């Protein structure tokens, strides 16, 4: 292993040649156990993902292959029928080669089909894949990675596209699965409140509590802070009853002492720096642990040193006020925390020989292992936990147990055996831990605050307006998750909430009896009843015109049974009809199962976002994985497809970059399909005039360079720079995003329309040119030959398809002009040189001096003017009618803002700037400096019928009627008055 500095807990460090307690497997001088092992297990290779557009593109290519085969089959059958010796001028004598031998028509047809396969092969857009990959790569590296709107100045973290395969997939997301801690919240844990011996300590009020009070119309008064409140990052506690030794005067001083010692001893934190309270730094596996140890320090139990077998704590005010003493505790065993156990325990020996097991973990697992009795304390503490959860705080229960020496020695032998086992070590360790983690005595509970990230509520509201449904999958308590969901606008009081919880009196009564088979059967039946009841009630709302939005809240224990194959369909049906879903107390595996359920069951495009190693499976299970580069390492980022620093950046990633990428790539694919089909069909029509002989219409070099040079660059410019509306308008009208989720621009209907105009234009090119050239002649008086006609037709094709590209552009920049003009100019430069350097003695004498002969006649200029106009007039009329009578939502927004500048105005800058930090606001201002401004925003067809668009923003379907559109279009607009200087 390379020499690297890794954050390891003491039981994860080995001296070469000798192992310490609780180690697992020697690798050189360092091992990984416990939490780090789980992280390493999650560090798998990112699965290969393909976008939905690419999979549909494969079907389109197969369709083109089918079209190619059909065209070749028609030509082959035609050649077999046409070939006959009665056409004496063909010279089909007895010694003719097999390809033209009328005596073997089947062989003639077969060989002709192979010839036509080569001739018509240009219908398959091979260069399309190269162009798409180039466009996606530039979009990722130059647009997404360098977007200042997604740059987090505080951590100096830009957005990162780790793959370019899924750019357009970002524009079609329908479901977002989000972790809570570190994703919606900041993951900056602060010790805020606690419950000790049935008494709540801590006087602060969280943001969630303020929000609840405001929703209930209660005026919140600021709580008066103490005279000398202690403030440190990770500690935001204020209650004079516990500070500076005042806990000795409380009714439960012994419980307080055990509480503080549990905080100071039960952890795997490493101290760093000077052993003084002001300078010491703690390195912890999670911010929660650091906050708990920090709290112990401020309560007078200062953990300052650690060795492989000892923990040193400087205790104040224990024996009497003002006395400070250093106490060493021998650490005998550490039972690591993991996502299955949901708890951590430490066996320690006091200096006086007392053996104690300290344990901390989720309330559900700690309460199951408490000793009998003390029901009053248990009930009061449970109420306190619910209060903390309602305030949006993260809770842990603390408990302890005194151990008899004989019992401990017997248990330790089993622990050592399990530790040295080579098979099922984790399972055996968990089983051994169960033997000692029982008959615990409840000490109290901690409550840690994790504040929401900036802009999360606005971001979720915007994404909801875009038609995206957001699910929160968290390991926190139900009360905490619900109130976080309220705080970030995921839930509101107007929603009908379906709550499926295992925390009911009936389930608790069965759990107290302890029969696991009975518990499993009872909970499954209860979940089945609840799901059916909720689904029946939800269906009643479906039939109402203006029913409320629905929300589902379910905990992990119920979710485990709801994911059973017999109940999965019911869960999926109910969930898909809910605007919001909150899953509480879920494991990493359940997160991935829920994501896969929607991905495979509903066949909707999903996005998962998280920040920790426990989110890796969920990130990899979704179509798109987004990692938050937060405080829990880089595991989520390394497993993701895209990485951002804050949740709010999803607005720009999806509504701007995702939507633009989808629109651009749809146009690129459709244009490639159109131009290749148009070009190939002119050759196909020519086949009917040549007796299906396979005679080529175009010169070989024309056919080879058509996709590579003459039409290659303009379509790439569209894929990079085309914009229907600006980024600010994309976020101002998030409803525009729904066009992507409905796949409005890559349907078979759209393909059929492009194919229709390709057929029409190919007929125009071939018949207009061939018919008009039959009565024309060159300056020498000779009639135009095959290569004169084909060169004229090819010139019309190149000019027309490049001009057609400009008609599909929503914004035209100088790069569009340069690429289109350059492509047409490249054709003329090529044909001038190519036809000029050939001599009649060369092999390519067929195109000798062709372009010079053509350009010396008026026929060339008249044809070059009229044929593209005739070919494009159908497209022009179709686009006009579509924009006037059946406009897309983005076209309506274009008309609303057609007199405005291309990008964000000053008001937009101020609006967005209010949501950013000062550094981010300055970065955003820099991004708004003048740049290339579009001189074209679509055709100037006024598009009335805005009512349907604004109705859709309110969730009301109001289809346009053609006569209303025509009536409004006939109304004269008011004359504009000149603005005064």
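Using the three backbone atoms N, Cα and C, a Cβ is placed for every residue, glycine included.
For 60-83 (among others), the entry in TrEMBL reads transmembrane segment.
Remote same-chain partners of the transmembrane segment (106-130), defined as residues 6 or more beyond its termini with a Cβ less than 8 Å from a stretch Cβ, comprise 57, 61, 64-65, 67-68, 71-73, 75-77, 79-80, 83, 98-100, 668-669, 672-673, 676-677, 679-680, 683-684, 687, 692-694, 696, 703, 706-708, 712. Annotated transmembrane segment per TrEMBL: 106-130 (among others), in sequence order.
Annotation comment: TrEMBL describes 179 as active site, 4-aspartylphosphate intermediate. Over all protein chains present, the Cβ of residue 179 (active site, 4-aspartylphosphate intermediate) has 28 other Cβ atoms lying within 10 Å.
Look at TrEMBL and you will find 179, 181, 611, 615 tagged as Mg(2+) binding site.
Residues or ranges marked as ATP binding site in TrEMBL: 179, 180, 181, 289, 337, 360, 394, 474, 475, 476, 585, 591, 614, 615. For residue 181 (Mg(2+) binding site), the Cβ neighbour count at a 10 Å cut-off comes to 27, with all displayed protein chains included.
Per TrEMBL, the feature domain 'P-type ATPase C-terminal' maps to 637-887.
Positions annotated as transmembrane segment by TrEMBL: 668-686 (among others). Within the chain carrying the transmembrane segment (668-686), a Cβ under 8 angstroms from the stretch's Cβ atoms is held by residues 53, 57, 60, 64, 67, 71, 75, 119-120, 122-125, 127-128, 131-132, 135, 695-698, 706-707, 711, 715-716, 718-719, 745-746, 750-751, 754-755, 757-759, 761-763, 765-767, 793, 797, 801, 804-805, 808, all 6 or more beyond its ends.
Sequence-distant contacts of the transmembrane segment (701-721) (same chain, six or more residues past either end, CB-CB distance under 8 Å): 122, 125-127, 131-132, 134-135, 138-139, 664-665, 667-668, 671-672, 675-676, 679, 790-791, 794, 798, 801-802, 805, 808-809, 811, 813, 815-816, 819-820, 822-824, 826-827, 830, 834. The feature transmembrane segment is assigned by TrEMBL to 701-721 (among others).
What TrEMBL lists as transmembrane segment is 751-772 (among others). Below 8 angstroms of C-beta separation, residues 60, 63, 670, 673-674, 677-679, 681-682, 684-686, 689, 789, 792-793, 796-797, 800, 859, 863, 866-867, 870-872, 874-875, 878 of the same chain, each at least six residues beyond the ends of the transmembrane segment (751-772), sit close to that stretch.
According to TrEMBL, the transmembrane segment annotation covers 784-805 (among others).
Residues or ranges marked as transmembrane segment in TrEMBL: 817-839 (among others). Under 8 Å from some Cβ of the transmembrane segment (817-839) lie the Cβ atoms of residues 701, 705, 709-714, 716-717, 791, 795, 798-799, 802-803, 805-806, 845, 847-852, all in the same chain and six or more residues away from its ends.
The transmembrane segment feature in TrEMBL is assigned to 859-881 (among others).
Of all the recorded positions given, namely 179, 337, 394, 475, 585, those whose Cα is no farther than the 10 Å limit from the Cα of residue 615 (Mg(2+) binding site) are 179.
Rounded to a whole number, the distance between the Cα atoms of residue 611 (Mg(2+) binding site) and residue 337 (ATP binding site) is 19 Å.
Less than 8 angstroms from the CB of residue 394 (ATP binding site) sit 181, 189, 288, 447, 448, 449, 450, 476, 480, each of them six or more residues away in the same chain. The recorded positions recorded for this entry are 179, 475, 585, and the Cα of 179 lies nearest to that of residue 611 (Mg(2+) binding site). Mean pLDDT for the domain 'P-type ATPase C-terminal' (637-887) in this predicted model: 89. Its own atom aside, the Cβ of residue 585 (ATP binding site) has 25 Cβ atoms within 10 angstroms in the protein chains shown. If you take the Cα of residue 475 (ATP binding site) and the Cα of residue 179 (active site, 4-aspartylphosphate intermediate), they are about 9 angstrom apart, rounded to a whole number.
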